[in-house]
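Taken from Swiss-Prot as is:
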type	residues	note
BINDING	C99, C101, C126, H128	Zn(2+) binding site
BINDING	K241	ATP binding site
MOTIF	10-20	motif ''HIGH' region'
MOTIF	238-242	motif ''KMSKS' region'
Amino acid sequence: MSKIKTRFAPSPTGYLHVGGARTALYSWLFSRHNKGEFVLRIEDTDLERSTQPAIDAIMDGMNWLNLNWDEGPYYQTKRFDRYNQVIDQMLAAGTAYRCYCSKERLEKLREDQMAKGEKPRYDGCCRHGDHNHTPDEPHVVRFLNPQEGSVIFNDKIRGPIEFSNQELDDLIIRRTDGSPTYNFCVVIDDWDMEITHVIRGEDHINNTPRQINILKALGAPVPEYAHVSMILGDDGKKLSKRYNAVSVMQYRDDGYLPEALLNYLVRLGWSHGDQEIFSIDEMIKDFTLEAISKSASAFNTDKLLWLNHHYINTLPAEQVAVHLDWHIKQQNIDTSNGPSLVELIKLLGERCKTLKEMAESCHYFYVDFDSFEETAAKKHLRPVARQPLEVVRDKLSAITDWTAENVHKAIQETAEELEVGMGKVGMPLRVAVTGAGQSPALDVTVHAIGKARSIARINKALDFITDRENQA
């Protein structure tokens with residue numbers, strides 16, 4: 001058996017969205033599972049809509065997801081000479097022909113067909129001769145599609161699919177301006193690049209019989225095809241570049257880990273028993289095209305969030321820290337005076353479902369705050385909190401070995417000494433050192449903030465209570 005070779009071939013007319021990312025992932029996994037090769041190809045024949053920022057966004061998305069490619073990126077715009085060479089060979093061989101029909105004639109033909117309730121299609125007017133035209137007159141080149149029989153291909157996901165050749169008109173393969181068309185470029189690329197399996201969205205099913213006929217006319221091998229069903233949004237509507245689809249890099253910006261998004265995307269249409277959590281190695285080991293569902297998959301943001309929380313807490317903290325660092329920089333936080341990012345992940349991992357949330361909620365570990373959160377201060381920084389704060393401050397000041405255990409002991413001893421519940425000490429202390437009413441466990445929080453900073457903040461809270469008393 002020849003080496004398996006797949007490709008991901010996005011059009012750079014927008015960012016890489018989740019549908020494209022899932023297609024790329026499936027193609028990548030299939031090649032890796034079979035120890036084959038994965039090709040990245042940029043289908044930029046739409047010269048008006050293809051942009052360099054979109055190409056950059058695709059590359060950024062692929063790199064962030066760690067979907068590495070073995071060949072490419074290839075650009076179709078750099079291969080126009082090759083496409084035109086093949087078209088000229090087809091003209092000479094009689095498998096393509098020049099069409100001189102005017103735009104007006106084709107529009108009238110379309111209107112007449114639609115008025116009769118017929119499917120609009122080219123009527124083959126120029127199929128059997130040039131009708132006294134010369135090659136230097138404006139024309140397109142059409143593929144001479146077979147008029148009898150049918151095209152049958154065995155879709156690796158959907159099973160046998162058949163199209164009658166009578167339903168397929170003669171496809172334009174070169175425009176009037178001399179540029180080759182998308183459907184033709186794809187065929188030549190897959191042939192030249194020796195692609196064995198084409199894995200793509202179900203919106204390409206209708207292109208497949210036309211592409212197979214061109215390959216057969218060229219005497220080229222026909223690859224296997226697998227058409228993946230669409231993804232529906234949380235609202236049940238189709239995700240597309242132009243509607244409701246979120247860029248892969250937006251998920252990065254929103255604080256998701258690539259491991260979480262990959263795990264989510266692989267399960268969005270593919271399954272292996274009832275397993276939900278997959279490492280990359282497990283995906284590669286277990287992935288098959290036959291296990292992909294024919295049905296549309298519904299995107300569920302809550303499930304992605306659950307997976308992200310899982311990976312924040314189960315991946316090595318050092319690995320998560322690499323991604324968290326980007327979000328910390330977005331918040332302009334200097335982490336040199338506070339816990340390391342690895343420590344921060346261990347502190348906040350259980351509480352935070354995204355890295356963005358973690359970066360936004362960690363400021364008090366590194367930066368002194370100007371004011372207390374109003375509701376928390378009103379409830380917990382009252383005159384009754386003065387004594388617990390003063391006693392716990394003095395006990396914290398006396399600690400020579402600054403550990404979370406000794407911090408906990410100081411809080412506990414304060415409660416016992418004053419004969420009050422832990423909450424009567426803990427909540428005022430929490431608001432004093434963090435500025436708010438919520439944080440990880442108080443002993444590890446105070447320990448991470450540091451001795452000098454914690455004591456200074458307790459003193460600030462005591463001043464706040466004094467000011468409050470004076471204003472009463």
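Each Cβ is built from the backbone N, Cα and C atoms, and glycine gets one as well.
The 10 Å shell around the Cβ of C126 (Zn(2+) binding site) contains 19 further Cβ atoms across the protein chains shown.
Summarised by DSSP class, the composition of the motif ''HIGH' region' (10-20) is 3 helix, 1 strand, 7 coil. Cβ-based crowding with a 10 Å cutoff singles out C99 as the top-ranked of the binding-site residues C99, C101. Its own atom aside, the Cβ of H128 (Zn(2+) binding site) has 9 Cβ atoms within 10 angstroms in the protein chains shown. Model confidence over the motif ''HIGH' region' (10-20) is summarised by a mean pLDDT of 89.
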